[in-house]
Amino acid sequence: MGTIGWWKLFGAAFAGILFFHGFCTSENAPNYTFMHNATSAPPISYYDYIIVGGGTAGCPLAATLSQNYSVLLLERGGSPYGNPNISNLAAFGAALSDLSSTSPSQRFISKDGVINARARVLGGGSCLNAGFYTRAAPYYVREVGWDGRLANESYEWVERVVAFEPPIKQWQSAVRDGLLEAGVVPFNGFTYDHMYGTKVGGTIFDQDGLRHTAADLLQYANPNGLTVLLHAPVHKILFRIKGKPRPVAHGVVFRDASGVKHKAFLKSGPKNEIIISSGALGSPQLLMLSGVGPADQLKAHNITIVLNQPLVGQGMSDNPMNAVFIPSPAPVEVSLIQVVGITQFGSYIEAASGANFAGGSPRDYGMFSPKIGQLSTVPPKERTPEALAKAVELEANLDDAAFKGGFVLEKVMGPLSTGHLEILTRNPNDNPSVTFNYFKEPLDLQRCVQGISTIEKIIESKAFSKFRYDSLTIPALLNMTASSPINLLPKHANASTSLEQYCKDTVMTIWHYHGGCQVGKVVDHDFKVLGVDALRVIDGSTFNYSPGTNPQATVMMLGRYMGVRILSERLNGDTQNN
């Protein structure tokens, strides 16, 4: 039976399970009888599948595999439910600015100097992001070798729970019309699909402004087949080596919130597997901590080498984001990303707006705020904790008028520039060192310049006229924020004359980093780790470049897609053996 045949056989059952559980939001907690704190876990347990990381890919993967097999899902963070900083659109940024050890967000600073964040919560990055939901381009799906029909069915499976059409108000309408005036055509209306031109995309915030995350996809799970353990960071994967032609993954070691060590092992069975879904930082980090990685790094940390794999941690990329703030004489709505311009030259144009930029405070810049680490008044290497603190202080003293308006941003597709990741300690809770090498490749820089030039056209468009002051020219808009703590230029003399310099000096993250366990280098096209058995990596660390304008839809889809593929493979094997 092929993959599609499997879907026909089990699809109705999944639909029934969803209906039975009903819809939930991050505010309205579901009754997940299978979710527990790891302190309640036994010292030793056995499962058909062990998934490390309950994030954007891990949740849909676990929900799918639990239909037929026993699954353990280990999440290092806590539950997203009952946390208004996660669930409410109006509180966007609050979780990212929480630097406590219990925060759902863990800040890290790349060697490039750009401040960034990684998720530490069930649901992963879908609990922290700006909510935009849009699929990968059909050519992306073809190039990576996925089955187009199953990919579409998997997107639809995700969308039934977490995706919505956003309400488009004044600011987003002006950005939409400005994009069309700037030549980013045609207008493709509201769609999840990726196509050239301007469109309204989906969002994981519903009509009440409540967030729906990948954790909500656990509604699809078979509650008798799934165990979710929270606050359960995995310290290493265990391998059988003796008497084996190559290492075989057979268990994991994790610790609970009290520091007590637990072990979980695979039940006996040739097709049972451990699957790492810990994200672009966590997955390569865990492979290295488990002895799979560059030998020199492993030796430096006294880690026993299971497999010398120098490509683990290579190919790290983060899509650079640059933005322009436009103060508005007219009131604008609070909005996160809703409209996107997909250009022919490789830059994506998006926007956010509002008196508080959805930042949880009437005096905040939300996804562009220094409170969450976004700072571009100084070049990346100069973004010290002291500089951030000063920026937060300056933000508090700005006139109210400085918070009225919005940002138009551009993100470079791909990107082509890559870097690497290295472990610094043997503790999985510590951040590894990561370098992204923003704009190392000239084409990335060229795309940024073209993106900023397109933003200039949007600002000068007729559609945008009521949202800008006539007295502020484009160079003035670019230069005025040199004295602002929030965004844009370092204090170069008339820096707006060089958009190349502008791009380099004002680069920020849009949190779309990926790589480290790339397909064809660390894993094969079935996401099986090369050189070992019974181990896969399924998440954004496998991407060679970022899918679509925003990747979360495709990461969730991939979890579902690979769950179906794995079940189908096992079903076919069982059928052939009978």
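Every residue, even glycine, has its Cβ placed from backbone N, Cα and C.
In TrEMBL, annotation is done automatically, which means it is predicted and not curated.
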Disulfide-bonded cysteine for Cys503 as listed in TrEMBL, from Cys127, Cys448: Cys448
Largest separation between Cα atoms (Å) of residues that the record links to FAD, namely Val121, Val234, Trp511, His512, Gly540, Pro551, Gln552: 25
Overall pLDDT of the domain 'Glucose-methanol-choline oxidoreductase N-terminal' (279-293), taken as the mean: 98
Separation of alpha carbons, Cys448 (disulfide bond) and Gln552 (FAD binding site) (Å): 22
Cys448 (disulfide bond) and Gly540 (FAD binding site), Cα-Cα, nearest whole angstrom: 23
Local Cβ density at Val121 (FAD binding site) - other Cβ atoms counted within 10 Å: 29
Protein Cβ atoms within 10 Å of Trp511 (FAD binding site), excluding its own: 23
Cβ neighbours of Cys448 (disulfide bond) where a neighbour is any other Cβ within 10 Å: 28
